[in-house]
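Scroll down for the structure; my scribbles are underneath it.
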Amino acid sequence: EEVVTRMFLPRNKSSSISSSNSEEMKSYASGLMWAFLDYSNLWRAGLSWSIFFLLNVGVPLVSHLVFSCSGCDPNHQRPYDAIVQIFLSSFASVSFISLSSFGHRYGLRKFLFLDKLSHESETVRDGYSQQIQRSLKLLSAFVLPCSLAEAAYKIWWFSSVGDGGIPYFYSRLLTKLVVCLLLISSWVYRIAIGYLVCILFRLTCHLQLLRLNEFTDLFQKQSDVTAILAEHLRIRRNLRVISHRFRLFILSTLVLVSVSQFVFLLVTTEPKSQVSISTAGELALCSVTLVTGLFICLRSAAKITHKALSVASFAAKWHACATINTFDEEDDDGDETTTTTAAITSARLRFSAPSDEDEDNMFVPASVSWNSESYQKRQALVKYLEHNRAGITVYGFMLDRSWLHTIFVIQLSFTLWILNKTIGIS
């Protein structure tokens, strides 16, 4: 427990994380230690890799070769089992190798930016602690329905298949029971490993969202352009670090999911294909699993990129309001009408920070003194934010909404092309 605490919790003793939250975070870390491969212990690393090869390679391979059931009735045949096992195991392999690389290079504490969390504000620490606890619930919410559906299918298949359809050792009932449990465990293990990396990517992106929300408050609290620029450079560097860590995983997942969907569509639209719930149920479940994992990554990347890009627009509003307010303050020495007009103008210049939780959070920028140097600093900051776009990138390509639209158009074009070749839809 002390190892988990030292690895997972911030070193700052004044952290605002409560004791109850600490216990949940310790449990979270304990559950991830096997997947992240604690290289300080060779036995644990070997056990993790052994379980990976057993459930991700050995069990699916033996299941396909021994329990293919080619002589069974049409409802119990598995014509798409090979491609389902290949793509699901490939997704789990990409995820497991990524987890191994993250654990070997950074460790869990550094990978989740917990080593620097003590330098953040109390609001950011509390928000990140809540997201860490919520990530466990999200992982369960994605894994549990797929696992229950697969378990129901396997129980039905082994309970209704004939005794002559599959080989057995010592006892037919015992063989079916052991093989069914191994296949269900293999399925749950693979989708859990795949979803885990996607959830961790979402978690690290959410930390930057909390920092960006904190960053927009700087425009209200102070007028020091240097401090604002330094904070933005720190956030931009963190986004670049996240992009560098996950770029290979995101690209590999995108290619893998795209290829899998095209193959699934091709084999199910052939004239002689046997498509039913019993024969293609696992195919549909595998397709949903892969697409959902990719959706989590792309949605998180697009959300943080959109938030980071909106900072430039927010800074331009701040610069305009600060400039106009200084001129209104100079006109306060005029008549009563001028003073009233300045007050009305100042009230109308209130603008809201770009926040997903509260779009009506109105405030005015921090008061600044009018001089040429202050104006030029604000102008330089706005120009910098406009020409230095921050966000999640994959080998230089910004993962924003325009990039997602491009992916959708390409996928739709390939889908229509395949349908034209198979069933004649153009």
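Positions of Cβ are set from backbone N, Cα and C atoms, glycine also.
Annotations in TrEMBL come from automatic prediction, not curation.
Fair warning: this is a prediction, and the values are worked out from it, not measured in the lab.
Going by TrEMBL, these are the annotated features:
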TRANSMEM  42-62  transmembrane segment
TRANSMEM  82-102  transmembrane segment
TRANSMEM  138-156  transmembrane segment
TRANSMEM  176-201  transmembrane segment
TRANSMEM  246-267  transmembrane segment
TRANSMEM  279-298  transmembrane segment
TRANSMEM  402-419  transmembrane segment
Counting CB pairs under 8 Å, which listed stretch among 82-102, 176-201, 246-267, 279-298, 402-419 touches the transmembrane segment (42-62) the most?
176-201
Contact set, same chain, for the transmembrane segment (402-419): CB under 8 Å, 6 or more residues outside the stretch:
254, 258, 261-262, 265-266, 269, 298, 302, 425-426
Selection from 82-102, 138-156, 246-267, 279-298, the stretch that has most Cβ pairs under 8 A to the transmembrane segment (176-201):
138-156
Stretch with greatest number of CB pairs under 8 Å, the transmembrane segment (82-102) reference, 138-156, 246-267, 279-298 candidates:
246-267
